[in-house]
Each structure stands twice: as structure tokens, then as C-alpha cells.
Amino acid sequence: MQAYFDQLDRVRYEGSKSSNPLAFHHYNPDELVLGKRMEEHLRFAACYWHTFCWNGADMFGVGAFNRPWQQPGEALALAKRKADVAFEFFHKLHVPFYCFHDVDVSPEGASLKEYINNFAQMVDVLAGKQEESGVKLLWGTANCFTNPRYGAGAATNPDPEVFSWAATQVVTAMEATHKLGGENYVLWGGREGYETLLNTDLRQEREQLGRFMQMVVEHKHKIGFQGTLLIEPKPQEPTKHQYDYDAATVYGFLKQFGLEKEIKLNIEANHATLAGHSFHHEIATAIALGLFGSVDANRGDAQLGWDTDQFPNSVEENALVMYEILKAGGFTTGGLNFDAKVRRQSTDKYDLFYGHIGAMDTMALALKIAARMIEDGELDKRIAQRYSGWNSELGQQILKGQMSLADLAKYAQEHNLSPVHQSGRQEQLENLVNHYLFDK
């Protein structure tokens, strides 16, 4: 088989002084950071959908890319050609993982029977590609939002037959993920939301979604899948309002249906932007709630109200994200999946490499800066000092439930409390972070 990216052998680390645009300048897989190889810290993955399925179409124009596997032809043959190119790309980019939706890798077909048969054939193809290349599956998922049947959602659809079709896709995709050794299975809401409350029963839809997720957990245990189940929050788009709005909202949902010990979060940077949060906030919130699982690394545009899915390029933003992740012990089954696409005008096939190389260098440099912050320990020290009062006898009695509200009121009066505000020193801390970022 002739190589598609025939002008490139493999992307290699050449260091920061190199001017080669098809080389890594900061990402050195074997470099030790805090005693662990950089590759093991970052656990990079490339996604199938934006990289090999998107044809460059948008709401105002048709497809702009010339991809051989997107031309007319026999669907399964084209899917196999796409897999050839995908694994050539993964190998040449040095990513240890990839991610997919079911219909990214396999033709959907005209019926459930065709869908299942096509997917089974493509799972065998992917298994062979993984064996040959050493690339592993970070996570799989089912696309329960693109087909018109999902216009009113999948699990939240008013029609139980649509709910059942979605269940079939999730069963099939999860079992495929299990067979391929996937380390996680992702559930993204897609169209699990509403356009107008005039035709929506919020309680009914929430109950449906909760039961669907309970069944997903039940099936995971039934088939012996040892990976992590992940929900990916997003506030809107394609629906006006989605039920998995942000990390805190999903936590409340999971608690309501007794799922908080079973499902974690896959946090996407651009979705945080759409929810009015920083990426840093959503990562820190997921960690604080005990739900952190994995990351879709990309960026949005603060001036635009939609999911632009650009490649991450801000070391400043991602250094703080990696700092939170390192403090929490790093990834376990999760990783950094590049849920990002080249721009519509980026029509050269090697633009796919430029986007990923820049993103991988960005995250590698962010990791090294975060490691310096961890080793120095000054930020943690400042936070510990700020909350040190809670280690006092009074603070501990409050936290351990040894004092009631009335007890505290009595204590405050008896001790004539007159606390004085202590500076938060935000400006000083921002200068400290800039020191880590810019001072060698």
C-alpha cells in the first residue's frame, strides 16, 4: 500500500533550536519529568472524527478537503482506506493512543443489522492495525447525535424506540471498545437537551437520561469492561441548553442517580469556554469533586459563541491545567486527546501534522512549567498559609461537626471575635506564575 503522507518518515524531537516545522521542539517522549517519561505523563491521542471524517464543510460552504477516502465508492472499502491513512498518521506522529466514534470508523448502513455487521468487520481491521502499529485505543464512543433520528436527542428522546436504537449503538460501541483494549468509554450528550421548554418535560427527560446512564453502568459490569466511563460536559450546541452543562452540573446529576462512584468526567477546553468558565476552572472543579478522568485538549475563541475546536496553543493556560493534573497525581486511564481540527482554509494534508505538532509541543512545555511549579511548591505553600486557620482547634471542631451554628454564635460572642481581612495577594501570585512561565 502506498503511503498517503509520502513526504514524511516520522516526526522526531529536534529541540527548541530546530526550525523544522515537521519536528517536535519541546515534546521529547523519553524526557523525564518528575521521574516519569513525558509520554507517560501526557498520554497523547489523536481523534478520528476531526482528523479523518470532517471534509471541511461548514454551515456556509461545502467540503473543502480532497481526501481520497471521502470520494464516492463502496463504503466498507473506503472505511478500510481511511483506517490505513489514520494509522499511518498515528505512527508518524508518535501518538500512543487514538479515539473514535462508532460511525467514524465504520459505515452506519441502512439498518441496525448493517450497522452491527459493518462495525464488527471494522473492529477486526482496527485490531490488526493496533497490533501492527502498537497504537492503543484511549477511548471509544457512540455517535448518537448526527443521524436525523436523534433530532430530539437519544436518551432524552420522546420516542422510546429512538432510546432503544441509541442503546444498541452504545452496547455495540462499548463492546468494540472492550475488545480493542480501550481504556475508557465516553458518553457525550450531543443532543441531550432542549430547544424550547414549550414542548419539553424536564423531569421526564432527566429520568430517561438517568436510567440510560444506569443501564450503561450495568452493561459495563456485565461484559467485564475494566475501563473508566466518562461523561463529557457541554452547555449548548447543537441544542440551546444541554443537561450536562458543566462539571458541577454533571456532579449533581450523577449524585441524583447514584452514579458518582461509577462515572468520571472528560473535560474539554472549548466546552469550558462555552459554559463561561476557564479550562483551569473546569479541571480544578472535576478534581475537587473526585470526578477527573480525561481531557479533550483544544481551544475555543472567546469572541465566538460556538465550538471552534482549534488546536491548543497557549502555554500560559495549559501550564495551570497541567499543574492541577500533576497535583492530583496525573492521569490514570485518561489522557490528552486532541479534539481539534485544522481550519477550513488549511487544505494541505500536512496541515494535519502542523496542528498536532504545535499542540503536542504546547502541552509538553506546559508540563515542564507545571513540574517546576510543583517542585518549587510556593503556590501550594501560599494556599496552605491562607487556610491555616482551619487547622486550629476552632477550625477542626467546625469541620468535624463538633459545633452547631448556635455554638459558634456563642463562641464568637464569648471570645469577642473581631477578625481582620488578610490580603489574597492575587497580583503577587500572578507575578509568581509569570516567573515560572518566562524566567529560565
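Glycine is no exception: its Cβ is also placed from the backbone N, Cα and C atoms.
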Which of ASP201, ASP296, ASP361 belongs with GLU232, GLU268, ASP339 in the Mg(2+) 1 site listed by Swiss-Prot: ASP296
Other CB atoms within 10 A, centred on ASP104 (active site): 22
Cα proximity to ASP309 (Mg(2+) 2 binding site), best match among binding-site residues GLU232, ASP296, ASP339: ASP339
Alpha-carbon distance [HIS271 (Mg(2+) 2 binding site); ASP296 (Mg(2+) 1 binding site)] in Å: 9
Most crowded position, judged by CB atoms within 10 A, among GLU232, ASP296, ASP309, ASP339 as binding-site residues: ASP339
Nearest recorded site to GLU232 (Mg(2+) 1 binding site) by CA-CA distance, among recorded positions HIS101, ASP104, HIS271, ASP307: HIS271
Distance from ASP104 (active site) back to GLU268 (Mg(2+) 1 binding site), taken between C-alpha atoms, in Å: 19
